[in-house]
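Grabbed the feature section from Swiss-Prot, which reads as follows:
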- 29-49: transmembrane segment (TRANSMEM)
- 59-79: transmembrane segment (TRANSMEM)
- 103-123: transmembrane segment (TRANSMEM)
- 144-164: transmembrane segment (TRANSMEM)
- 175-195: transmembrane segment (TRANSMEM)
- 215-237: transmembrane segment (TRANSMEM)
- 253-273: transmembrane segment (TRANSMEM)
- 292-312: transmembrane segment (TRANSMEM)
- 345-365: transmembrane segment (TRANSMEM)
- 368-388: transmembrane segment (TRANSMEM)
- 409-429: transmembrane segment (TRANSMEM)
Amino acid sequence: MEGQPRGSRGPLEKPLPAATHPTLSSLGAVFILLKSALGAGLLNFPWAFYKAGGMLPTFLVALVSLVFLISGLVILGYAASVSGQTTYQGVVRELCGPAMGKLCEICFLTNLLMISVAFLRVIGDQLEKLCDSLLPDAPQPWYAAQNFTLPLISMLVIFPLSALREIALQKYTSILGTLAACYLALVITVQYYLWPQGLIRQPGPLLSPSPWTSVFSVFPTICFGFQCHEAAVSIYCSMWNQSLSHWTLVSVLSLLACCLVYTLTGVYGFLTFGPEVSADILMSYPGNDTAIIVARVLFAVSIVTVYPIVLFLGRSVMQDFWKKSYWATRGPPVLADPSGPWVRLPLTFLWVVVTLTMALFLPDLSEIISIIGGVSSFFIFIFPGLCLICAVDTEPMGPRVKCCLEAWGILSVLVGTFIFGQSTAVAMVELL
């Protein structure tokens, strides 16, 4: 199917989902997928190397996870083409039934809401630390407090970017955000070799043998870091070329590039600080280092560009709820279209206000990263596995191929269930 334009399909493919004027290029899809994955998890990756007991266990877990991460994206594209749906929750509802669709909507909305709050906290923390670096001996001015900077950025920058109707329009800001995340990885790599003044050299990161169960502690960070699967269906349905082989190539290129950025950050951050590495890698560096100050600014920019993608996905669930509401069925005509400005803009504003309020008044969210990573396993492993099991029943194929696909779907569900249970249990114990 390689090279087939949108609308042409192989003998085993169902009609492609009907998206409104899909114009997203392959390069644009790569950047949106890449930016969706290069989020706040980048700061935690060096710390994950330490928690897992060193580089070798982390590499092994990451390589195994990468196979499931790529297959999950491919499965979601295949499931979208089979079901004819254009949203993640729509695909699950169509293939797995209404009950599973409801569960997907609840998990989807909860997970994206938590991610949005975490992103806003990261933005606020980076801006606050930036002010401390620029004014080390002065009291914090009122305009540098998160209570002022976060609402200002949310209303002037985040809300306009999030109000866009289609996810394809995020490709421009995604390029900027991807470059900002790459700069962070580059700075951490270069700092290891240059050892600037003020950076204390730590002894080699040779750790004492850790229990084999410690390797599982890296799963939440991987799931939180590589979570671009929630956006996969929307991105796939926005592409002009929707052949499955082409989508596979886009998925592989995106995750390999993402893996490179995460690996450079994790390896060199861990080699630099060893067991003393901070959960926020930027906190381990001197606050007056110019390169680190620039990295803080650019990383905040990176998170600002990924927030609208998360909001777009959460808004799609709210728009599905709106379609079934009284106002959509019996209200004025302008309220019948959930993607129209009279519905889209208020829903966007509501999402920004709710997440902003939670970010300002809830305690530190760093401890619930494991919970977010655990819930993300639903969208990376469990739901794609269930969709594959259900989708093969609708396609004419040989018994051996069908058996292999069903076995892979079952394995994906089992792995996702284990990761969810393990990471959530550990997170709850740490919170208590």
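Think of each number as a place in line: the chain as shown, counted from 1.
Placed from the backbone N, Cα and C atoms, the Cβ positions cover glycine too.
Since this is a predicted model, take the numbers as computed values, not measurements.
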Taking residues 6+ outside the transmembrane segment (345-365), which of them lie with a CB under 8 Å of any CB in it?
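For the transmembrane segment (345-365), the nonlocal Cβ contacts are 113, 116-118, 120-121, 124, 146-147, 150-151, 154-155, 158-159, 162-163, 311, 314-315, 318-319, 322, 338.
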Determine whether the transmembrane segment (253-273) and the transmembrane segment (292-312) share at least three Cβ pairs under 8 Å, counting only pairs 6 or more apart in sequence.
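Since fewer than 3 Cβ pairs under 8 Å link them, the transmembrane segment (253-273) and the transmembrane segment (292-312) do not come into contact.
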Excluding the flanking five residues on each side, which residues at least 6 beyond the ends of the transmembrane segment (215-237) place their CB within less than 8 Å of a CB in that stretch?
17, 19, 22, 24, 29, 32-34, 36-37, 39-42, 44-45, 47-49, 51-53, 57-58, 60-62, 65, 69, 72-73, 76-77, 79-80, 85-88, 90-91, 108, 111-112, 115, 167, 247, 251, 254-255, 258, 262, 309-310, 312-313, 316, 369-370, 372-374, 376-377, 379-380, 384, 419, 422-423, 426-427
Counting Cβ pairs under 8 Å to the transmembrane segment (144-164), which of 103-123, 292-312, 368-388, 409-429 comes out on top?
292-312
Any residues 6+ beyond the ends of the transmembrane segment (29-49) with a Cβ under 8 Å from its own?
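Same-chain residues near the transmembrane segment (29-49) but 6 or more away: 55, 58, 73, 115, 118-119, 122, 167-168, 170-171, 173-175, 177-178, 181, 184-185, 188, 205, 217-218, 221-222, 224-228, 230-232, 235-236, 238-239, 250-251, 253-255, 257-258, 261-262, 265-270, 272-273, 277-282, 299, 302-303, 305-306, 309-310, 369.
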Does the transmembrane segment (59-79) come close to the transmembrane segment (368-388), meaning at least 3 CB pairs under 8 Å for residues 6 or more apart?
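Contact criterion met.
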Do the transmembrane segment (175-195) and the transmembrane segment (292-312) come together with 3 or more C-beta pairs under 8 Å, pairs six or more apart in sequence?
yes
Where else in the chain does the transmembrane segment (292-312) make close Cβ contacts, counting only residues six or more beyond its ends and a cut-off under 8 Å?
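Beyond its ends, the transmembrane segment (292-312) has Cβ neighbours at 32, 35-36, 38-40, 42-43, 112, 115-116, 119-120, 122-123, 126-127, 129-130, 133-134, 153, 157-158, 161-162, 164, 167, 170, 173-174, 176-178, 180-181, 183-184, 187, 230-231, 234, 282, 285-286, 348, 351-352.
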